[in-house]
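Student: Got a structure for you, questions after.
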Amino acid sequence: MVAKWLKPSAWVLEPAQSTLAPTSRWSNKDMDPVPVHLRTWTTWNYVAYWISDAANLPAWELASSMLAIGLNWRQALAAIAVGHTIIAVVMVLNGTVGARLHVGFPILNRSSFGFWFSYFSVISRVILALFWFGIQTYSGSECVDQMIQAIWPSAVRIPNHLSSSAGITTRGMMCYFIYWVIQFPIMLISPQRIRYFFLFKAMIVPAAWLSILIWAMVKVPPSISLANQHASVSGSALVWAWFSSMNSALGNYATLAVNIPDFTRYAKNEQAQYIQAILIPTLFTLTGFVGIAVTSVGQVLYGQTLWDPTTLIAHWDRAPKFFAALSYLIATLGTNISANSLSAANDMMVLFPKYINIRRGQILCAILGGWALAPWEILASAPGFLNFMSGYTIFLGPFAGIMVADYWLVHKCKVDVPAMYDHKGRYRYWHGLNWRVAVALLFSVFPSFPGLISSINPAVDVGKSIHVFDIAWLYGFFTAGSLHWSLSTLFPARETFMESAVMEISESENDTDSASVNSKREV
């Protein structure tokens, strides 16, 4: 019996005729364009989604950790507002494509990168989503730790049997496992139904965080906690610290700016997701203010910059500690599923469509992202957190820029959806690679590498080139987008240009493809 399940053939998905792919090898039901009856997300679903998603620990930690590197609260809040305004525009531009064509990021990317080269961006994003999944899971485990301490204060005396170099204690590992077990079954909810969990989170978490904000302002009035706060850096150091913080704000949702079609593909119409342009900068700036205000109060009360809110509530009495930690736990659950596990699942599904659908992809994400990585090391300090946030934007900025330029400027919204599923179709370019995109990536990614290296190892002096890294997302987005547009104008890939968009295979082609698929299955 065990030997049977060890065979790859035992894990082959139940054959289902693909709508667009030439054979079932290249697609499955979850990869195909979303059928009309499954396009269920309305404007209010996106409102609930973003209210719930803005209430997340990384957004809180991002804001408050800026105080730790020398900014005052006004400068930090400005960096958050500007960064999220920019990312909101990109989110709507890429989200509209998904809402129009009803396909996800990994499929859409084939029209710009080329069928085979698109796997580079997919694999890169899988790795990033897995890292983020681990980070959020660790943040959730800290919530579990505080809840357990609130119920059983003696839990703090659980002996540690792990080495100091592990970056986590025995109690921490226990809490990490408990949170992972709580999270796992929620991950298995379908994309169509998960919106109800977002609605639940949108009602519970903001109310809890508003209560925490009120507590903070009553405990220490803003005239004391905020009014006298000054930046600890000045001059050019202040300018680049602000740009680095804004870049981190961009990096906070740089992944979702690329893969937002994975969610907008379920929209009832493209107008349903336009509300994101207003919601994202407003909600994340408010979340940032809550983080800054509460952290500033922590500085006054406890004499420390407690950028991790679960560390701050450790000073509270048992009842408020429990309910605050519970709100953080719910916040983390929703964000981890929407921004990380579903994204990773969509990407892994494209890599192995014969074996992986969205549900199996999420299971793999839970195992690989939950245990193969060490998120507790990334979150060991505020500078380390910012370095990680900024670091991966050197890839995501260019990806987003290329996607925007290709659909809106190069192809002017006229794309061939069926060809995105055909490895021999019009988006094959040169052996599956669009060399224009490769050149754009070369000039948009590599200039940021010296700064990335220096941020990881400050002993490496790279001079003023480190400043390119401080604005890595903006530099990558505009450089890659403009280069791709320019090269596509000077050296057009004429086989990809069309008079109008093609959304489905013609009836005659569909009959031929169906016969081909059926014959292959019979074999």
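Glycine is no exception: its Cβ is also placed from the backbone N, Cα and C atoms.
Here the structure is a predicted model, which means the values were calculated and not measured.
Here's the feature list from TrEMBL:
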TRANSMEM  76-101  transmembrane segment
TRANSMEM  113-135  transmembrane segment
TRANSMEM  196-218  transmembrane segment
TRANSMEM  238-258  transmembrane segment
TRANSMEM  278-302  transmembrane segment
TRANSMEM  322-342  transmembrane segment
TRANSMEM  363-386  transmembrane segment
TRANSMEM  392-410  transmembrane segment
TRANSMEM  433-453  transmembrane segment
TRANSMEM  473-493  transmembrane segment
Student: Ranking 76-101, 433-453, 473-493 by the number of C-beta pairs under 8 Å to the transmembrane segment (113-135), which range is first?
Tutor: 433-453
Student: When each of 76-101, 196-218, 433-453 is checked against the transmembrane segment (392-410) for Cβ pairs under 8 Å, which one has the most?
Tutor: 433-453
Student: How about long-range neighbours of the transmembrane segment (322-342): same chain, 6 or more residues beyond its ends, C-beta under 8 Å?
Tutor: 49, 52-53, 55-58, 129-130, 132-133, 136-137, 139-140, 142-144, 146-147, 150-151, 179, 182-183, 186-187, 189, 191, 194, 197-198, 200-201, 204-205, 208-209, 212, 253, 255-256, 262-263, 309-310, 313, 316, 358, 362, 365-366, 369
Student: Can you find at least 3 Cβ pairs under 8 Å between the transmembrane segment (76-101) and the transmembrane segment (278-302), where each pair is 6 or more residues apart in sequence?
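Tutor: Yes; at least 3 Cβ pairs under 8 Å.
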